[in-house]
Amino acid sequence: MSGDGSDPNGPGSTPDSATGALLDAARRSDLGLVLGTLLVIYLAATLLTFTNGLNSVVGLLRTLTFLGLVYALAALALNLQWGYAGLFNIGVAGFMALGVYTMGIVVRSPDPAFGPPGFGLPLPVGIVAGMLVAAVVGLLAALPALRLKADYLAIVTLGISEIIRLFLQSSSFDNFLRGTLGVGTGGGRGMGMPQNPVRELFLVDGQAGTPTAFGELVFGALGDGGLGISNSILIGWGYVAVLAAFVIGFYVLLERLGRSPFGRTLKAIREDELVADSLGKNVNLIKIKVFVIGCALMGLAGILWFGSQGNVSPTPQFMPLLTFYVFIAVIIGGSGSNTGAVLGGIVFAAVLFEGPRRVGSALRDVIDAETPSSFADALVSLDPVSLLAYATDNIAPLQFVLLGFVLVFIMHRRPDGLLGDRIETAAAVDLSERPHGGETDE
Amino acid sequence: MSSDIPDADDAAAGGSPATSDEPEANDSPVEEAAKRTPTGVPLRVDGLVKRFGGVTAVDGASFEVEQGSLTGLIGPNGAGKSTTFNCITGVHEPTAGNIYFKNEDITGLKPYQIARKGLVRTFQIARELEEMTVLENLMLAPKGQLGESAIRAVTPGLRGEVVTQEEEIRERAWETLDFFEIDHLATEHAGNLSGGQRKLLEMARALMTDPELVLLDEPLAGVNPTLEEKLLDRIHQLREDGYTFLLVEHDMDIIMNNCEHVIVMHQGSVLAEGTGDEIRNNEQVIEAYLGEDI
């Protein structure tokens, strides 16, 4: 699996084969690169699960694509702050939590059957409110924190993220909100998320068994009436399509921001604040702007990601670990490159996050041996099969070891990530060669 | 010796604000500069004091820079030249004293505010934006870029203007690169440039802001003689076009041979002012700066 994942990017030094030529072509087109990576991941996932039937293949592909896209969204937002402007925000999880919790509070019914009450407003209002709250908290954090040097900004944002999480977890805060505004967070038990509108596209009122005309069509062709894929997986794919549209939207927005004088000042601030300042750029204002934009996008990413999960709870969903995962995605893709952020999100989710678990459990099914009760037992047995059995049964902790190795490898061999070495033009016009018409013979 | 000059020149400087409503930024730097009239005193430093804790780096320095001049600021190490520079450009806030640019008090303004008024600087150790190309370095500098507003940069209807302006800025950047003969480096990352090329780039970038007064902090330090010649040649050419320069150097010969007005700083204050010849024959200067026996 790991071989499959790194294939399209590879060490990049052997373009002598046919596949090499193909990879070169894919590199030249960003969309081709992303789709090619997805294709390789799909192939590997299919190989892993095809014996279990179509349903599990399509289900796994959906899970991988979903995770890849939500990580891509978060990575794109972080790339704006960190990749472009060099703002080291380790509070990604907190801003995502703010987005999704605000959305939940605004949209949930004032008189729910269970869970905390909300304002009962329409979903679009909730989404905008979620982004606004993430942006405003980002602004409040930025005002004092951006005057600090990079490391201190990191500490402050990490602290804010934990403060947000602990607030959301606190039952006192929940009671306080219920007492004053009549809404609640649900404290440690969390909060059920509003109905996903994509589900209502397939099912009348989201009720299973009452498909809409569109649902009837899809289920008939691909579901029970046709290929036999389960309805919930088909609806899941419907949401993946929505996510893909948002990833494209984020990408276009951030590319336009980057390829403009605004993007140019961001890059300049990342490189040397005093130079930007001395050339008449209001560095503090620009930093605040970009921080707020990034936080709003993180809020939206949180809504799209966790808002679709049925239930959110502050722990463990919004632990700082989530932030570090997003950072790893940006690092893999190469900070500063938007295409890299998308690619990094997809590769991280498939190869490092979900892949090892799936490969582990698939291997475990094949291995015919008892699982030793401890690592020491597995080691002492001197039997590679039982060692493997132990490893595949405990894949989750081993995953962190893998993550560590991958990070060390990237830092050592490819510090720019997959695409960080590319020159991302920071101008609204082509700078690769001199335009014609000017006097060149001077 | 400088105390009686400000009053005399204030009247003359009164005429200069008229030249400051400059028309469009579209003109080439040369045409732009030709519209300026070389009269008045754009920069006046009055009783500048800067203390860092117990150390007094600048102790009551007063001087002025005349419009269209190439003024040299010299002094031994620790005389307070760089601190004076940093106070003028807003990097440090002065402990006392005032700085006037085009008769406006700019004391305590932020660097970006001062730069926007037309007073721009270069750095002693060239500070390039290393991961940006040479062309991007130059295109960063111009004032009044519409696309620096995030909303204009992304909104479909408004981005058209941004692109049009970008084309103009790109053209100006190429012209400036031509002028400094570093056009062959346009797409190179600034981090790959040699020390001398960086100095050229730094000056080119400063000019892209369309300044009236350029403060050059040791632009010739660590530059080979050929390139030094080239840089000086450019400075003279630009001065003839109407730019005003204040040049900090501690190489006495360069200052004497190139600047018509020389200010000597010593221990935080102005020791002497005058033409190269006057300074060369000033005994105080000889004592303080050159040592007693030449």
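Yeah, the Cβs are placed from backbone N, Cα and C, and that goes for glycine too.
Computed from a predicted structure; not experimentally measured.
Look at TrEMBL and you will find A:31-51, A:57-80, A:87-107, A:119-143, A:150-168, A:234-254, A:288-306, A:326-353 tagged as transmembrane segment.
Note: the stretches the transmembrane segment (A:288-306) and the transmembrane segment (A:31-51) are not in contact (fewer than 3 CB pairs below 8 A, sequence gap of 6 or more). Counting C-beta pairs under 8 angstroms (sequence separation of 6 or more), the transmembrane segment (A:234-254) reaches the transmembrane segment (A:326-353) with 3 or more such pairs. A Cβ distance under 8 Å defines the sequence-distant neighbours of the transmembrane segment (A:119-143), meaning residues of its chain 6+ beyond its ends; these are 91, 95-96, 98-110, 156-157, 160, 164, 183, 194, 197, 287-288, 291-300, 302-303.
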